[in-house]
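If you check Swiss-Prot, you get these features:
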- 47-54: disulfide bond (DISULFID)
- 72: N-linked glycosylation site (CARBOHYD)
- 80-129: disulfide bond (DISULFID)
- 122: active site (ACT_SITE)
- 126: active site, proton acceptor (ACT_SITE)
- 189-217: disulfide bond (DISULFID)
- 200-211: disulfide bond (DISULFID)
């Protein structure tokens, strides 16, 4: 009986210690995550939104990366503490050029030598949640790998869903993606534009899994533009 009471007292003081010193007593040094969300955006739709300004004369003619987000099914992950000793700078010139093509900042003018602040911000907000499984550099390599392995524009074109004046149905877009990946994707369609496609993966990046939702797009026809209706100017 005395042993049981002693154990209960120990748990009580541990709980009190956690409450008083939560930041350094009970916190884990690394974030755990259940799955990856690869968020891809269609540039013409994204740059057509009323709240978006894209100062580029030419937009990419492919889906580009918005982000690679580690996440949990029980609670959302973001702004995880970076406990690594990595210097937050990409030194591989080939990787930088690859990111400039596949993960550009559409709200900034295109440059011959891309700045890295945009990608570092993505790491701090989302990528660090993938530690310790993925380092700073590995995180961007994985994002590019998943994006190249899942060509959404090609998936849609196989079902004759191509950018243009004709609208596309949400169910048709979902069906075309599931047909190839085997998983249920999430679509984002603000202002009636097919703007984002989110594909979910096991933490290793394989296989594709069903995204847990929510699924914000109603089953209404969406605009999938080949040319933006907004005017762009190179600043």
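Every residue gets a Cβ built from N, Cα and C, even glycine.
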In the chain carrying residue 217 (disulfide bond), residues 6 or more apart in sequence that have Cβ under 8 angstroms from it: 170, 187, 188, 189
DSSP-derived class (H/G/I helix, E/B strand, else coil) of residue 200 (disulfide bond): strand
Candidates 47, 54, 72, 129 (recorded positions) - the one closest to residue 200 (disulfide bond) by CA: 72
Residue 122 (active site) versus residue 129 (disulfide bond) - Cα distance in angstrom: 11
Using Cα positions only, nearest of the disulfide-bonded residues to residue 80 (disulfide bond) (47, 54, 211): 211
Integer Å distance between the CA atoms belonging to residue 126 (active site, proton acceptor) and residue 72 (N-linked glycosylation site): 12
Separation of alpha carbons, the residue listed as 'active site, proton acceptor' and residue 47 (disulfide bond) (Å): 23
